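A short write-up of the structure that comes next.
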Amino acid sequence: MTTAHDGTHGNTAHQGKALDGIRVLDMTHVQSGPSATQLLAWLGADVIKLEATTGDITRRQLRDLPDVDSLYFTMLNCNKRSITLNTKTERGKELLAELIRRSDVLVENFGPGAVDRMGFTWERVREINPRIVYASVKGFGDGPYTGFKAYEVVAQAMGGAMATTGFEDGPPLATGAQIGDSGTGVHCVAGILAALYQRERTGRGQRVQVAMQHAVLNLCRVKLRDQQRLAHGPLAEYPNENFGDEVPRSGNASGGGQPGWAVRCAPGGPNDYVYVIVQPAGWRPLTELIGRPELAEDPEWATPEARLPRLPKLFRLIEEWSRTLPKWEVLERLNAHHIPCGPVLSTREIVEDASLAANGMVVEVEHPQRGTFTTVGSPLKLSDSPVEIDRSPLLGEHNDEVYGGELGLGDAELRRLRAAGVI
Ligand code: CAO
């Protein structure tokens, strides 16, 4: 089970971790890159976050407490160590080369060309260390957008998510799930792990590149399915009445082969909804629950095909019942008949959810500046590689440990480097 405890960095468990012995030089910032390296740290890699002497900008963004690392930073940088280095100085470049030499993985997500401009092209990086896996997250792949910077919702806009999210009569919408940033981070981890595995056979590292636009598109795969189905006529499972030559926004339609919708519950607050899926086998018990048992046999309602043109009416009938009950009651009654459904949980309800806490998905972590903070645990549950969530490091907290203890720099040099603003 996932547990949280105080500590300065990961790799402290006795039983070993999946990525024990893998050193990650983490030159990431903001969200997409840090979300990837945090997963690697949870899997047991020794992740050393290398930051400019001013620190990852998110340490200071959206602060809730003055002069304290923000939750933005602390929630995306757990289980890492932190060193500072000005990679634009000559000595900084030498130290960066040394760090690359001793790392298995280098990850970065700066603006296009930033690491090349530091003097570390892929050719140079692999010359320094032919075994290194060098992963980059950028907004876009090769082509007209290569040089463009990108943030979460930019990727959602250009990866197909915004056009397909929202209601037909409203504007395109951003989703709260950070599919452009953390979604890309997860893809990046898959690429890094595969490259490490291939290295076992070839002895060679390789370049791993993931574009946020591409990762979002990969998550919008079913909408591209529907774009092609449109050529053969309207999409019957969509609630929309009019179809052009582009997939329309379909509100809360399920997007899958079984229809679904979010129905209101009592007492009618902003998150008093349950999402209900009507599988063929669920129709009869549903008709009983909603007090309309005659619809189970009615030829206009009895089969999935008959119901397809009446989905808005169908969910209105369910809602007439559900809006009289609290969502937890609706959840219980529907599940008693194995009807797939889910109450819409607010962020507060998620933080307070006992089962998420018991699963190590909402954890409390001690932090020297903040006291305790709540974070999201690891969704990866490995039987031989348990995850302990350790706090994020303070800026440069491990400078002495890494530069002194591991790179062998003496105290006098460390003092000089500090005074010169190199670390
Ligand atoms: N020492 C010295 N300089 C450093 C440094 C260090 N340790 N680490 C970074 N820098 C410098 C870089 O060299 C770069 O400088 P130059 O542009 O002069 O070469 C600069 O800091 C970082 O530039 P940036 O373009 O990455 O930063 P930005 O705040 O202007 O842009 C972002 C941020 C996110 C738009 C951009 O990094 C980006 O497009 N990244 C790729 C896509 C991505 O990951 N986006 C997700 C962001 S999460 O929402």
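Note: Cβ is positioned from N, Cα and C throughout, glycine not excepted.
Bear in mind that the values here come from a model prediction, so they are computed numbers and not experimental data.
Quick look at what TrEMBL lists:
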BINDING   Q31, S32, L85, N86, T87, K88, N109, F110, G111, R117, K149, A150, Y151, E152  CoA binding site
ACT_SITE  D181  active site, nucleophile
REGION    235-258  region 'Disordered'
BINDING   G256, G257, Q258  substrate binding site
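Locations of recorded TrEMBL features on the structure.
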| residue | record | Cβ within 10 Å |
| --- | --- | --- |
| Q31 | CoA binding site | 22 |
| L85 | CoA binding site | 24 |
| T87 | CoA binding site | 19 |
| G111 | CoA binding site | 13 |
| K149 | CoA binding site | 12 |
| Y151 | CoA binding site | 14 |
| D181 | active site, nucleophile | 27 |
| G256 | substrate binding site | 10 |
| G257 | substrate binding site | 8 |
| Q258 | substrate binding site | 13 |
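Of all residue pairs in Q31, S32, L85, N86, T87, K88, N109, F110, G111, R117, K149, A150, Y151, E152, the annotated binders of CoA, the farthest apart have Cα atoms separated by 28 Å.
Long-range contacts of the region 'Disordered' (235-258) within its own chain (CB-CB distance under 8 A, at least 6 residues past either end) are made by residues 163-168, 170, 172-173, 222-223, 226-227, 229, 275, 277-279, 308-309, 311-312, 340. Closest to K149 (CoA binding site) by Cα-Cα distance, out of the recorded positions D181, G256, G257, Q258, is D181. On a Cα basis, G256 (substrate binding site) lies 49 Å away from L85 (CoA binding site). Proximity of the binding-site residues (K149, G256, G257, Q258) to ligand 1: a Cβ under 6 Å from the molecule is found for K149.
Nearest Cα neighbour of G256 (substrate binding site) among the listed binding-site residues (Q31, T87, G111): Q31. In terms of Cα distance, the recorded positions that sit within 10 Å of Q31 (CoA binding site) are D181, chosen from D181, G257, Q258. Per DSSP, the secondary structure of the region 'Disordered' (235-258) breaks down as 0 helix, 0 strand, 24 coil. Long-range Cβ neighbours of N109 (CoA binding site) (same chain, at least 6 residues apart, Cβ-Cβ under 8 Å): T28, H29, V30, S32, G33, S136, V137, K138. Closest by Cα distance to T87 (CoA binding site), from the recorded positions D181, G257, Q258, is D181. If you take the Cα of G257 (substrate binding site) and the Cα of D181 (active site, nucleophile), they are about 28 angstrom apart, rounded to a whole number.
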